Each structure stands twice: as C-alpha cells, then as structure tokens.
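**Student:** Here you go, one structure.
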C-alpha cells in the first residue's frame, strides 16, 4: 500500500528532484560536518523512493550515486583546474569521470536486488543492506579501488553508536549497520502496515543501537606502558610552488627550522616534505636534519621521494633518520608507499594520459610500489606502522604492519585539493583506521588535516589547516589485536554473501 505522502513522492515532478536532493545532502553526513544521524535517514528515503518506482530502480540508483559522489568529490576539479592549471574544457568532464564510474556500484546493487523475489520485509530489511555492503566492498577492491564515500564513514564520530562495529568488522561492518538502520527505519515508519509488522523493525533498531553502543565501550587492545611526545610538522607549502627549483631551499630551510623548535620524542614531516630525490640531495642536508633532531633528543622521520634500489624507478617514501650515518646512505630505514594513486602516481594508460600530464605539468607521476611486506620503523620507544596519503583508506592493507606496531602514522600532502573537504574526509578515514586497529594514529600533513587520533577514533589534537605550524601532543603505545585484525573484511563478508545466496535458494525452492 501507498501512503498519501508516497503518492506525492511518486510523481515524476517530485521523484527525480527528491532523489537528487537526497544524494546532494550526503556530503553533510561526513567530515567536517559530522551529521552522522542524517545518513540513515537519507539512505532510507532513497530506498523508499526506489520502492515507489521499482521500474526505475537501476537508473535511480545510478543517478543517486552520480550526484552523491560528484558533490562529495568536487575537489577533483580543484586539483585539476586550480592547482594543475588544466582548462575547464578538460577539467570539468574529468571531474565527472570518477563519480560516473563509482555510480555503477549502487546501480549494480539494485540490479542484483531486483533479481530477488522475496517478501518485502526480507527483501528490503535484510537482502538490500547485504547487497549494498558487498558492492561497497567491491568498489574498494576492484581495479585499484576507491572506498571514499562509503556510508559507514559517516558514522565515524564520537557520537554515533554504530562506529562501535569498526573494531569488529572494519568500515564495511559499519556500512552494513548503517544500511540496516536506514531500511529498518523505512519498515518501522510504514503506517500502512499492521502494527505487528512495524514492531519488529523497531525492536531491531533498538537492538542495533544498543549493540553498537556496547561495542563502543569494549577495549581489545591495551597500552604497553610506553608514552611518547610527538611533533607533527605542517609546512603549508603551496602546491603550485612546491616543485619549483627556486623554492627547494626555502622549503628545506622551513622544515629544518621547525625540527629545531621541538624537543618531542618523535618528529614526523609530511609526504614529500623535501621536494628533491633523496639521492640527489647533498649528503650534508640529511645529516643536518638528523643532527638537529638528535641535539633535541628527537627521532626524526622525513617524507621524501627516492630512487629504487635498482635505479630504474622512484618511490614515495618516509625515511627514518634516527641513527643516521652519512657514509651509509643505502642503510637508511624507510617505508615506501605501496598502494599508488592511479593517474596521479602511476600511468595505467600512458599512451592516453602522457599528453594530459604534460598539460598539467605534473611532477613524479610514475612511482613504483614499495611492496606489501614492510616492517614498522623503530623510533624511540615506538614501533610505527607508516602509511602515505590515501593508503589509510584501505583498512585491510594496514593490518599486517599494525600487528607488529605500537603506533600508526600517516604522512600526506593534501595541498592538491586546496581548502576543500578532501582533507577532512581523509581525516575521518584515519579515525576509522585508529578504531579498527586499536592504536593511536598521528597524521603529519602539508596543509591539513594534521592531527592526533586516539584508539577510539577521537581527535585529541588538530592543527589549524592552511597554516605553518607544529602540532605537539602525547601518545601511548598500544599492543594487541581487535577482532577485525584477526579476520579483516573478507571472511565475514563472504559469510553474508553466503547468507544472501541461502535466502534466495530457500525462497525460490518454496515458490517451486
């Protein structure tokens, strides 16, 4: 049955504008706004709209995804046009290219959903959240993967009980819980259904929120007794100036002075803080940085690009200058970025993209992977598992290093995206990783968001974005494993995929 409100929503003059409006509101559920309560309402309204016009389910889902991802990732245009100087003739269509691809996943979800002939309560209340989560997982994994904008990230805030599921099953379990909450709200608010049918989703909503709240109070990792002070350097180097030859010395001087101003145990510089290949630097530069830190009793990590050991490529690295020896350049401990950004750090289609790179004047666009098995870097009394840039958007890939680490660290340069929401969305992903892995996460960035995050995902300290500053604070080393660290996302997702297949098998057999 259809309520009076639904009759209005069904009308094409309202249906399509409402669909676009709901999708365009999704950015407000994520950082920096953190209106977490809005996402289940948006998701529920979106599902209800599709229920009203099921014939347009796939096209509606695609339009919703296209609108949501375009409004969330508008900062692609900032990187292409404002920073790289690409004319709007190229920048505008290229900005839509990623959202147009990502929108295929919501469309796939509802294409699969239409294949199920099931009672409404099961089809909406059980199967749809499962399919949505599975397609979100596929979006994070297929090709190079891009998990930004998963609805679970909207719940990574101190106020949402659903964030409590992160240490159990990662961000995808939070996504599943968010989708469940959205569709159960639809079923619970259906005033055309019998009161008995509305009672069950109300009970499920209460149970879900209670379970999330309880999970949030549970600790799986523990302090190992070590305490450290950290200093996270934010140079605020304009991206349009960063790689200019006449800016190299001023940039190095700026970071050298910042290192000299802190006596923290651990000092971390951002991604590619020194805009010169390590092997091309005069050897005394790194020696001076190491000496400056040593004089202040600090261990120092520096973001810098370097040639690979075979000399045939280059890596995006963080080098550990603790115990640096000028005559042993090849013995410097380092972490090299492994999950590279397609079209940004390597060229998947060089015959098509090389002319574009020349127009954009992009430096260092063909990095090599650092490899999946890299050890934590020992700095003072902490073993630090580093990741660089958007690597902390892939939780499963951080598990192996985190098991042997007491602290997580991200080095980034978000200056590509100006003063947009990109830095805050990235910060929220780091909050999720801290919760999933049960450890402090520290972030050293060029322009923001430089921050210290607790194992509960709370932002303890944050530097003012777009300023030259040093953020100092205290952290504790943590050990132990969360349930998520033991299984990752794949195993329990395979379980719910099996459940979905079992539901389809049972009900099809009943029909026959």
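Backbone N, Cα and C define each Cβ position, glycine as well.
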**Student:** Looking at 92-112, 218-238, which one does Swiss-Prot call transmembrane segment?
**Tutor:** 92-112
**Student:** Looking at 34-54, 118-138, which one is transmembrane segment according to Swiss-Prot?
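**Tutor:** Based on what Swiss-Prot states, transmembrane segment spans 118-138.
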**Student:** For which of the residue intervals 56-76, 140-160 does Swiss-Prot record transmembrane segment?
**Tutor:** 56-76
**Student:** For the domain 'CN hydrolase' (233-477), what is the mean per-residue pLDDT, to the nearest integer?
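**Tutor:** Taking every residue of the domain 'CN hydrolase' (233-477) together, the mean pLDDT is 90.
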**Student:** Counting only residues 6+ away from its ends, which parts of the chain sit with a Cβ under 8 Å from the transmembrane segment (118-138)?
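**Tutor:** Residues 47, 51, 105-106, 108-109, 112, 147, 150-152, 172, 175-176, 179-180, 182-184, 186-187, 197, 200-201, 204, 489, 493, 496-497, 499-500, 503-504, 507 contact the transmembrane segment (118-138) from elsewhere in the chain.
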**Student:** Report, as numbers and ranges, every residue of the chain located at least six residues beyond the transmembrane segment (168-188) whose Cβ falls under 8 Å of a Cβ in that stretch; write 'none' if there are none.
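**Tutor:** Tertiary neighbours of the transmembrane segment (168-188) are 39-44, 46-48, 51, 120-121, 124-125, 128-130, 132-133, 136-137, 140, 147, 150-156, 162, 197-198, 200-202, 204-205, 208-209, 212, 215, 395-396, 432, 436, 482-484, 487-489, 492-493, 496.
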**Student:** I'd like the Cβ neighbour count for residue 337 (active site), meaning other Cβ atoms within 10 Å of its Cβ, all protein chains included.
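**Tutor:** If we count other Cβ atoms within 10 Å of residue 337 (active site), we arrive at 26.
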**Student:** Write down the Cα-Cα distance for residue 389 (active site, nucleophile) and residue 337 (active site), rounded and given in Å.
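**Tutor:** So the Cα of residue 389 (active site, nucleophile) lies 8 Å away from that of residue 337 (active site).
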**Student:** So what sits near residue 271 (active site, proton acceptor) in its own chain, CB-to-CB under 8 Å and at least six residues off in sequence?
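**Tutor:** Spatial neighbours, sequence-distant, of residue 271 (active site, proton acceptor): 303, 316, 318, 388, 389, 411, 412, 413, 445, 446.
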